[in-house]
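Residues annotated as transmembrane segment in TrEMBL: A:7-27, A:33-52, A:83-103, A:110-128, A:160-179, A:207-226, A:246-271, A:283-305.
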Amino acid sequence: MSAFAKPLKIALGLAVIAGLILVPMNFNRYGLFILSQWAVMSIAAMGLNLTLGYAGQVSLAQGAFVGIGAYAAAIMTTHGWPLPAAILVAITLSFAVGWVLGYPALRVQHHYLAFVTLAFSTLAFLVFRNESWLTGGIYGISNIPRPHIFGIATNKPLPFYYVCLGLLAIVSLAVWWLIRSPWGRAFMALRENPLRAQSLGIDTRRYTLMAFAIGSALGGVAGALYAPLTQYIDPVPFNLSLSLDLLMMVIVGGAGFYFGPFLGAMIAVLLPEWLRFTEGYYLMLYAVAVMLLLIWSPTGILGILDRTMAARRTKAASALRAVAKSRLETVQ
Amino acid sequence: MSNLFDLLVAGLATGAIYALVAVGFTLLWQTSQTINFAQGEFVMLPAFLMLAAMHAGAPFWLAIILGILLSMILLGLAFKMLLVDPMMRHGVLPLAIATMALAIGIKEAVKQFFSAEASPFPSIVPTGDISILGHAVSLQSIGVLVVAILAVLGLTTLLNRTSLGHQMQAAAQNPTVARIIGVPVERMILLTFLINAFLVALASLLITPIYLAKFSSGEVLGQAAFIAAIVGGFNQVRGAIAGGLLIGVLDNLAAAYVSTQYRAAVPMIFLIAVILFRPQGLLGRAEERTV
């Protein structure tokens, strides 16, 4: 069974990747925009999944880091810097701010931590809105250029979609590697039992800060892509509701599952679009769908899969046990 | 200093409304570990229910009664039975996320079925000013303060002086033991949901004449009540009251003396400071650490 499952998984993965590359080729402008947005939000949600799903630290500030990344990219690229440089600055900046924001997590946990990060999120929004000398205030920053990658202009929607997809792939691989590394294991130890983690010699202090900083840095990457995607930013998209949306994506997809953020972002970005035909009702239906899903499976979509797999495994195991038992009896 | 006096009165009036909302918030937390992210929308909705009743031809007083009753059914009973009960045993976070979705749902429903525009709302207190100590004070502020104080007094009397209140507290503090000594814990939890629904409907009635009825007005209010609850002490009713008044006054003073641009930042910085240096809140008890 398991010898068969691995090639199947690889084939499925390749099919999805091929689909993501090939299918959008004849999408229209809007379809490509939505799909690019999905890629961007997946990156941000993946960062939050590291902080929340793997390390167990609740953050309501991921939207603020997307904002920090977006403003860093917008300000730098409109002043003639190339996007890769802006992405590096966005990562460094978000990492540093995320590290500092991690300090409260050393003192308080759970809902208290959520509230500290919520307050930070609001403060960041106020800075975006009020420091007009830097951020353009409520008028925002317009004419954000899209990059040239290896000499190819990505002004058109399709090439830029591939930029988003490419960065999503890089981030996905990095996260895949990270959660399999000793660091990822330390994060999970932190989530499952901080006291035990500490007694096993894990520097919980450092890993808590790391979980925040790395998760935030990915938020910054997402932001640095968001700015050239929309080519115009103002403070409104980076208010608290983005942080709440991202949190919703992680939980709905399945916190602590590698593929959770992809699915969660798909639901949050694409489901409302699919429901557009219902006109004014689409966000209402979306809200109801999220509630029903969470009532059905509080661990998100992948939680359902996880449970059915576990149930099947138990079933298979008990079947084997029954066979073994009957054999034993015949021997006797 | 007349300016300061006016600011204090206005701050106390908004603070009293925050306190009502924050008290309901802490009640839900204490009895069922529900962090209700839709609490602001819970305040926004009753005003529209009352407006709908008035559009249907009901006089204002009847609309108020209908609005409060409907709120208790929708935001108390239905909220608990349809959303909280199935999710409660799965921990704090999924339920909190579900209430975020609920907040979106309520907002969109109001936008769709009523209006996206702000609607005026009649005041239960006559408009105009009266003179106190040589200051002109709006009757509305006084009315809001009086009603909110009466509500809070009524609630604390219920909680601390009656057998029912003691049962509710027992159910909140230790459900297992409460059940053993014969407290109908389930009914007590339902009661707190109904009380919360009543409080938000009352807050709605008080605040909507000032800020108009609008689908999005819950966001700011919910956040303020949120902060008030934490600043005062997440597990204390009197903490939430103090927190509400404090945030109301602080907000008004910050607008006048700090800067209008960063007025919203002052309560936030205060919140961070409180959480870092006194996480149990100004009046709260420290929660026991579970290992």
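Using the three backbone atoms N, Cα and C, a Cβ is placed for every residue, glycine included.
Through the fold, the transmembrane segment (A:33-52) approaches residues 24, 27, 58-59, 62-63, 65-66, 157, 160-161, 164-165, 167-168, 171-172, 175, 178-179, 187, 211-212, 214-219, 221-223, 225-226, 229, 246-247, 249-250, 253, 255-257, 260-262, 264-266, 268-270, 273 of its own chain, all at least 6 residues removed from its boundaries and within a Cβ separation under 8 Å. Same-chain residues lying 6 or more positions outside the transmembrane segment (A:207-226) and placing a CB less than 8 Å from one of its CB atoms are 39-41, 43-44, 46-52, 54-55, 57, 59, 61-73, 83, 86-87, 90-99, 101-103, 105-106, 163-164, 167, 171, 175, 178, 183, 186-187, 190, 197, 233, 237-238. Remote same-chain partners of the transmembrane segment (A:246-271), defined as residues 6 or more beyond its termini with a Cβ less than 8 Å from a stretch Cβ, comprise 34, 37-38, 41-42, 44-46, 48-49, 52-54, 59-60, 62-63, 66, 175-176, 179, 191, 286, 289-290, 293-294, 299-303, 306. Through the fold, the transmembrane segment (A:160-179) approaches residues 17, 20-21, 24, 32, 35-36, 39-40, 42-43, 46, 50, 54, 146-147, 149, 154, 187-188, 214, 218, 221, 225, 228-229, 258 of its own chain, all at least 6 residues removed from its boundaries and within a Cβ separation under 8 Å.
Residues 248, 251-255, 257, 259-260, 263-264, 267, 271-272, 275 of the same chain lie 6+ residues outside the transmembrane segment (A:283-305) yet bring a C-beta within less than 8 angstroms of a C-beta in it.
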